[in-house]
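Colleague: Have a look at this one before I ask anything.
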Amino acid sequence: MSLFKVYARALRYLGAYKLRVSLVVIANIVLATITIAEPILFGRIIDAISGKGEVKPILFMWAAFAVFNTVAFVLVSREADRLAHGRRATLLTEAFGRIISMPLAWHHQRGTSNALHTLLRACETLFGLWLEFMRNHLSTVIALALLVPTAMSMDLRLSAVLIVLGIAYWLIGRVVMSRTKDGQASVENHYHTVFSHVSDSISNVSVLHSYNRIEAETKALKSFANRLLEAQYPVLDWWALASALNRMASTIAMMVVLIIGTMLVQSGELRIGDVIAFIGFANLLIARLDLMRQFATQIFEARSKLEDFYTLEDSVRDREEPAGNGEIKNVKGAIEFRDVSFGFGNSSQGLHNVSFSVKAGQTVAIVGPTGAGKTTLVNLLQRVYDPQGGQILVDGTDITKVTRKSLRRHIATVFQDAGLLNRSISDNIRLGREGASEEDMRRAAEAAAAADFIETREDRYDTHVGERGNKLSGGERQRIAIARAILKDAPILVLDEATSALDVETEARVKAAIDNLRQNRTTFIIAHRLSTVREADMVLFLDDGRVVEQGGFDELSHSNGRFAALLRASGILTDEEVRKAHTTEAA
């Protein structure tokens, strides 16, 4: 993407404040135009002094002009600051809302730390561009457009020096940008690596402490930081060289203007005031050229950050739901999978032609070896992914034809990892239903057998649970997650290995709460502990993404198939029980 396109797209975000931004820009253009009068007035003062003319009127005019210019600049800058800060805040919340609403598959592919880093850096970069646009960018272009013809009207010979200076600035900037383009892109990649490493290490700090990896991870970060600097230093060297060359060019230009001006004054072709005024013009021009150089540098350094952000934004919009999707309402809970297939591009795992139907209120246990596709199946039901083949119907409606939001309104999920936010117990339970009353929230906690431990806490329901609930035990976290699901009161329930990480005593308490939660709900249970699936109306045995066995618990446990073998291996079913069952059936 060209620098112009990067900049133009950045400015489009200001569209929400068109009127206010336009007024600020116009005010800055007026100030830039008025500034041109300063060297002219100064030249007139010099002429008046050297010619012993009346100086006071011009001095008063110059002073008034300086006061007005200063006050106006402060007011305009204040408004520009407010606009830039306001737009940054709204962009952050808008982009956050779009990103967090994306399917989980998108987040798994993109990476949480990558999206976060891209968003935060882009917001700061855009803030700087917006601020400079309203303060300097356009006014600098206008000032240059006015300064050159005004200077030429005063003296073509001196103006030629300034034009050559402008060309020198342009050539230096172009050469340096071409030399550092790849280097700057490499710098941004290294920044992403550093941020990802820090984020990954901090989020897994308990593992690092457990395995004494603190020094190793710190050493790795230092290595990443050194690579960043190795990529950054050559870029900085080129821009330092550009700054030195620009300074040299402007110094030479001023010396040439002074020499030529002195010669013209001595020959009587110009007055001293004209030369002084022209030197003022030259200083203004050099200042504006420096601003243009800074502007070009700013855009150049922003390019990689903003291109990443634009790619992020575009991928979000590409994955947004079709406008025609409707809402699903009054769900009873009847579910049907019709030849559903799904695969991951970088893995052989997935689902292949899965078909089954569940009546409203039934409980389905999904079992099978690791990697069989159990979690993928329930993720497809919740539209974490969309099927690549076949259909999933809820009450006869294809779920790809309804919005994810309306579908998930009717599904409550209890994960193996409870997934608590670093907020109060009350806030975490209320995630189940927005606007739930205090009474409903407490009733859900009681139904989940969570009220007893909550009441022992000093702050009770206002107790903060810590990051990911680390101030609570595993059983306590899980009961809060169950309370959240009870409060949601959805007709479809998904239990994704909800008790596999609990001890036997805690599991018994949590299971009682889950049994209460399952009543009159269509329930999908993923469990490694096969003792939890005895009460299922249907058992699906998955292997390699296919349903290899399907039926009731008693039916499959006595069929001498894969499920029965798994029960025997886990000690739940003995060979003697299988023989007795076969004898009974034969009789």
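Backbone N, Cα and C define each Cβ position, glycine as well.
Per Swiss-Prot, the feature ATP binding site maps to G368, P369, T370, G371, A372, G373, K374, T375; the stated evidence is sequence analysis. Annotation comment: Swiss-Prot describes 21-301 as domain 'ABC transmembrane type-1', evidence class sequence analysis. The domain 'ABC transporter' annotation in Swiss-Prot covers 335-569. The transmembrane segment annotation in Swiss-Prot covers 23-43, 57-77, 126-146, 158-178, 248-268, 272-292, and the record cites sequence analysis as its basis.
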Colleague: Can you give me the same-chain residues 6 or more apart in sequence from T375 (ATP binding site) with a CB-CB distance under 8 Å?
Modeller: D496, I526
Colleague: Can you work out which residues elsewhere in the same chain, 6+ from the ends of the transmembrane segment (158-178), have a Cβ less than 8 Å from its Cβ atoms?
Modeller: 144, 148, 151-152, 238-239, 241-242, 245-246, 249-250, 253, 256-257, 260-261, 264, 278, 281-282, 285-286, 289, 292-293, 296-297, 300
Colleague: Where does K374 (ATP binding site) sit in DSSP terms: helix, strand, or coil?
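Modeller: Looking at the DSSP assignment, K374 (ATP binding site) belongs to a helix.
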Colleague: Relative to the mean position of the Cβ atoms of G368, P369, T370, G371, A372, G373, K374, T375, the recorded ATP site, which additional same-chain residues have Cβ within 8 Å?
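Modeller: Everything else in range on the chain: L542, D543.
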Colleague: Six or more residues beyond either end and a Cβ under 8 Å away: which residues meet both conditions relative to the transmembrane segment (248-268)?
Modeller: 155, 157-158, 161-162, 164-165, 168-169, 172, 275, 278-279, 282-283, 286, 289
Colleague: I'd like the Cβ neighbour count for T370 (ATP binding site), meaning other Cβ atoms within 10 Å of its Cβ, all protein chains included.
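Modeller: T370 (ATP binding site): 6 neighbouring Cβ atoms within 10 Å.
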Colleague: Below 8 Å Cβ to Cβ and six or more residues apart, same chain only. Which residues does that give for P369 (ATP binding site)?
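Modeller: D543 - these are the non-local Cβ neighbours of P369 (ATP binding site), listed in sequence order.
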Colleague: Including all protein chains displayed, how many Cβ atoms other than that of G371 (ATP binding site) lie within 10 Å of its Cβ?
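Modeller: Neighbour count, Cβ to Cβ under the 10 Å cut-off: 15.
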Colleague: I'd like the number of other C-beta atoms within 10 A of the C-beta of A372 (ATP binding site), please.
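Modeller: There are 22 such Cβ atoms around A372 (ATP binding site).
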